[in-house]
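Peer 1: According to Swiss-Prot, the record shows the following:
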BINDING   S8, K40, L73, K87  substrate binding site
BINDING   S8, F9, H16, G88, L89, R90, E98, Y122, G123, Y124, V125, S126, S127, T128  ATP binding site
SITE      H16  site 'Transition state stabilizer'
Amino acid sequence: MKAVCPGSFDPITLGHLDIVTRAAAQFSEVTILVTANPNKNSGLFTVAERMDLIRESTAHLDNVKVDTWASLLVDYTTEHGIGALVKGLRSSLDYEYELPMAQMNRRLTGVDTFFLLTDEKYGYVSSTLCKEVARFGGDVSGLLPEVVAKAVTEKYSNQH
């Protein structure tokens, strides 16, 4: 079965990468789908930059690909024959946010959502938190893939 891991991934974190790696072990193909989040401001990275960083960060995973989509997620799953969505959960707050969307997606097309619990070492890690730390010169190594940490640091150095 093919699966999709949707998100804004601005930027992809080691927590995201952990979820994708675990999903890749369970599904024949996993697409990391970079989506626009209407609740978030325009990102640190363009969609194209995010996709490049994700490709570099997942190059070791043969059954993982990267794509983008700007419409209903279930339209993508239908168009590409994908039967599963994979979402990582850090806390009950993530569950409360994701549950209604999972139920609506199932109602619309029958696609199932699989929730994977985040590894405890990444339970507090978010793209937003990593950007905040990096913006003020903090160390984001160990939170982001190495190539991503370098790109984030460079972005913020160029803004000062």
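Cβ atoms here come from the backbone N, Cα and C positions, even for glycine.
Context for these features, please: burial, neighbours, distances.
Peer 2: Here the Cβ of H16 (ATP binding site) has 26 other Cβ atoms within 10 Å, regardless of which shown protein chain they belong to. H16 (ATP binding site) falls within a helix when secondary structure is assigned with DSSP.
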Peer 1: Could you state the whole-number distance in Å separating the C-alpha atoms of G123 (ATP binding site) and K87 (substrate binding site)?
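Peer 2: Rounded to a whole number, the Cα-Cα distance is 14 Å.
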Peer 1: Among the binding-site residues listed here (S8, L73, K87), which has the Cα closest to the Cα of E98 (ATP binding site)?
Peer 2: K87
Peer 1: Just checking the binding-site residues H16, V125, S127: which sit within 10 A of K87 (substrate binding site), CA to CA?
Peer 2: H16
